Amino acid sequence: MNVYDSEAMARVLAPMGYELTAHKKNADCLLLNTCAIRAKAEQKVFSYLGRLTGLKGNNPDLLIGVGGCVAQQEAKKIFDRAPHVDFVFGPHAINRLPEIVAQAEQGKRHAAATEFLDSFEEITQPLLDKADQEQSGVSAFVTIMSGCDNYCTYCVVPHVRGREMSRASQAILAEVESLAAKGVKEITLLGQNVNSYGNKEGFGSFAELLGLVHEVEGVERIRFTTSHPKDLSQELIQAFAELPKLCKHIHLPVQSGSNRILKKMNRGYTREDYLGKVCALREACPEIRLTTDIIAGFPSETEEDFQDTMDLIRQADYDSLFAFMYSDRPLAPAVKFPGKLSEEVKGRRLAQVLEVSEEIARAKHAAMIGSKQQVLVEGRSVQNPEQWRGRTGGHVTVNFLAPACGGLVGKQVDVLIENGYSNSLSGKLWTEDGDCPKPPTEESHAA
Ligand code: 5AD
Ligand code: SF4
């Protein structure tokens with residue numbers, strides 16, 4: 001979501017003549033897009049801001065702005081602790097950036113744009129008006145809703161991103177069509193809880209929206225994130241069986257395997273409800289890849305509660321997971337909950353979750369050795385530029401060797417998997433006889 005918002009910031013400032021630079025010291029305006037989801041992310045913002053002080057000394061005209069959820073939550077603290085920051089703006093103020101930056105250019109200092117707006121269109125227009133936007137790349141995010149109404153007790157999101165609001169399906173389709181026309185092959189639909197898409201507005205269900213996006217010519221893969229388990233409908237589960245372009249992967253954050261803790265978290269489901277939905281997903285789509293988020297050490301979590309989580313991880317047989325130590329967020333109710341655990345206990349539980357998940361992921365990836373996987377090629381491998389990089393439909397990164405003839409980016413190719421690691425796979429381009437094709441000759445290059 002923050003990647004999407006950062007791209008939007010660059011886009012709205014382009015008409016003012018601002019363009020991206022890779023080097024801070026060349027910048028006329030530095031924007032820091034921040035995340036407040038956990039305490040660590042927020043601490044990073046303040047230490048980073050500290051390091052920027054010197055830059056202003058070298059370039060007194062430099063403008064520094066802080067956007068995103070820390071800006072929304074901590075505008076005053078930012079100006080107090082980092083007075084060299086010129087302005088702050090929350091997630092609802094991205095489309096007002098040109099006006100905010102223009103005022104800062106005129107010398108206005110310490111402006112804070114943190115009001116919440118009332119409709120999706122107000123927040124995002126002309127942000128999403130991307131008709132003339134350059135889009136290069138294989139994959140693109142398309143935002144379908146903003147905010148969240150779930151109020152999980154540990155979570156800051158409803159307090160910094162505002163109420164849940166969905167975007168009209170015609171606008172979503174228009175954006176998807178325009179991206180497909182520019183060559184984008186993979187669309188990821190974004191929202192805090194896509195499963196409740198359109199409920200308030202009466203826009204039709206999320207599964208219906210997927211059906212519409214599926215019709216768009218040129219789109220080859222559809223993904224979405226994030227799904228709340230309580231709102232995962234049978235209709236959506238069925239979509240995995242019925243829509244071939246829908247990637248067979250679902251990120252379904254469970255957070256805990258203990259019913260007592262799930263209740264305290266206000267998650268709205270039990271472990272039995274959750275595991276029932278996992279069964280239904282696997283029944284509808286046996287090859288589906290399942291990933292999740294886990295919070296280790298929520299206030300009052302006992303060893304028994306934690307063992308319920310470990311047990312659920314094994315039962316759900318996740319392909320991969322993200323795990324975090326619980327951290328207090330000032331605006332979230334759990335900050336006042338009794339039974340806070342020490343960093344040591346939280347750290348030990350986190351390590352256990354990561355250990356078991358890595359073990360499962362390694363075994364699953366090892367079992368894929370020798371298989372043929374369809375990979376959408378995104379570019380050259382980051383670690384080894386001789387290799388190509390892409391993802392399976394299940395969202396596993398694959399690095400592979402292929403003749404260096406170019407032209408693979410944006411194509412779906414078959415790869416023979418030769419190695420499995422905890423976070424990725426590697427192999428070579430598949431050929432019928434299982435051999436990697438020879439590097440191209442001069443003639444085949446010309447052809
Ligand atoms: N402490 C730890 N993890 C958190 N998350 C959200 N809030 C907190 C918190 N206060 C995690 C959840 C969520 C993911 C995006 O971040 O697991 O799914
Ligand atoms: Fe936060 Fe819960 Fe909303 Fe997810 S569903 S953004 S965890 S409040």
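Positions of Cβ are set from backbone N, Cα and C atoms, glycine also.
Taken from TrEMBL, the feature [4Fe-4S] cluster binding site covers CYS148, CYS152, CYS155. Per TrEMBL, domain 'MTTase N-terminal' is recorded for 1-106. Positions annotated as domain 'Radical SAM core' by TrEMBL: 134-363. The domain 'TRAM' annotation in TrEMBL covers 366-431. What TrEMBL records for 428-447 is region 'Disordered'.
Less than 6 Å separates the Cβ from ligand 1 in the case of CYS155, drawn from the binding-site residues CYS148, CYS152, CYS155 in sequence order. Cβ atoms within 8 Å of the centroid of the Cβ atoms of CYS148, CYS152, CYS155 (the [4Fe-4S] cluster site) belong to the same-chain residues ASN150, TYR151, TYR154, VAL156, VAL157, PRO158, GLN192, ALA332, site residues excluded. Confidence for the domain 'MTTase N-terminal' (1-106), expressed as mean pLDDT, is 93. Cβ neighbours within 10 Å of CYS152 ([4Fe-4S] cluster binding site), excluding its own Cβ and spanning all shown chains: 22.
The local packing around CYS155 ([4Fe-4S] cluster binding site), expressed as other Cβ atoms within 10 Å of its Cβ over all shown chains, amounts to 22.
Taking a C-beta cut-off of under 8 Å and a sequence gap of six or more, CYS148 ([4Fe-4S] cluster binding site) has these contacts in its own chain: CYS155, VAL157, PRO158, ARG161, GLU164, GLN192, ASN193.
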